[in-house]
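Chemist: Okay, handing you the structure first.
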Amino acid sequence: MWEQAIRDAVEKTRRNLERHPMKFPHITQEQRYEWGESTDWIEGFYTGMVWLCYEHTQDPFFKETALLQMDDFKIRLQERKHLDHHDIGFLYLPSALAAWIVDGRDEGRELALKAADHLMLRFREGGQYIQAWGPKGDEKNGGRIIIDCMMNIPLLYWAHQQTGEERYFNAAIAHAEKSRRYLMRGDDSSYHTFYFDQSDGTPLRGGTHQGYHDGSTWTRGQAWAIYGFALSYRYTRNPLYLETAKRAARYFIQHLPEDHVAYWDFDVPIEPGTPRDSSASAIAACGMLEIMEFLAEGDADRVLLNEAVQKSMSSLVRSYSTMHEPEEEGLIKHGSYYVRGGMGPDDYMVWGDYYYLEALMRLTSGIPGYWYERE
Ligand code: GLY
């Protein structure tokens, strides 16, 4: 089943690239993609899918396309266009770093290092965190972190590995520690966002942006926590991060509905028509596969995680994928972007497609994500 799902994903990606040359998928409210310029935080996932297709097929078409797309990311960074946020890892890890990892491209390595420097501009020395959104000193967002950033800081860990410069590592672990202490809650659920007093770093309160309410658990945030803390463990070998990732994963598994695919928030009332977020389940599956790499065969947590990955991925392939709908352009249906804001409440999400394909590839070939150097 995994192989068949990968073949379908590769064919759909090939056709999308041919139909919409040098365009990137944008989220709509109409269960389809719109195709446009690279202006958001999401375009790296599309290039990441192209690299995954190249790894699977070795077809030069995919490599050439991914490299052309990387030029787009290069110009975007040179011109500092649409990069006034922290999602620099989401953009440059599966595009630029992937070019270096998969194809040994020096320009990919250089671009990823420049992207790491750009991300460092958001590190706030006073509070010791990476500011998610808005300009420095911004009244509303100046003291705000969000859980998603756990997936951006691997760019800093990697830059430290490459250059030996401690500043990258120090910023990444300071941010990871703030996230562990303030975004993760005592019951292993997570806040989407947390506010600090930007004048002195005093912790103020948790909250949400995309979740159901301030104290709820936004499922995609919980999935970012699973994968993000597992990656922090990969780079630091601090056992606290592996433990945090495992606990976040157990919470996720324990709160899933019967079909093993998450609704958009773990606290939202479930009624007919409550939107799912299939992308949260795809991300969580990748995070659990990442954790499993650090657990011995037979370890009870490994068994639990493996069972959860098998169940959720089977459900995604059987009941959410477009495997039997050749005309669709997305891979998995019923993702959610920002339900309360009315944006993409039940649609294709390109990161959902990316992590779905990454999980399938990890299940079949053990191919890890693009967040670190391959051995
Ligand atoms: N990183 C933004 C999101 O997950 O919607």
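Quick reminder: no glycine exception, Cβ is built from N, Cα and C everywhere.
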Chemist: Have a look through Asp84, Asp87, Asp103, Asp106 and flag the one TrEMBL assigns to the substrate site that Asp148, Gly206, Thr208, Arg220, Trp224 belong to.
Modeler: Asp87
Chemist: Looking at the binding-site residues Gly206, Thr208, Arg220, Trp224, which has the shortest Cα distance to Asp87 (active site, nucleophile)?
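Modeler: Going through Gly206, Thr208, Arg220, Trp224 one by one, the Cα closest to that of Asp87 (active site, nucleophile) is Trp224.
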Chemist: At its widest, how many Å does the recorded substrate site span between Cα atoms of Asp87, Asp148, Gly206, Thr208, Arg220, Trp224?
Modeler: 20
Chemist: Which of these binding-site residues (Asp148, Gly206, Thr208) have a C-beta closer than 6 Å to some atom of ligand 1?
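Modeler: Only Asp148 qualify.
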Chemist: DSSP secondary structure for Gly206 (substrate binding site), reduced to helix/strand/coil, please.
Modeler: strand
Chemist: I'd like to know which of these binding-site residues, Asp148, Gly206, Thr208, is least surrounded, judged by other CB atoms within 10 A.
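Modeler: So among Asp148, Gly206, Thr208, the binding-site residues given, the one with the fewest Cβ atoms within 10 Å is Gly206.
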Chemist: Determine, from DSSP, whether Arg220 (substrate binding site) sits in helix, strand or coil.
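Modeler: For Arg220 (substrate binding site) - judged by DSSP and reduced to three states - the answer is helix.
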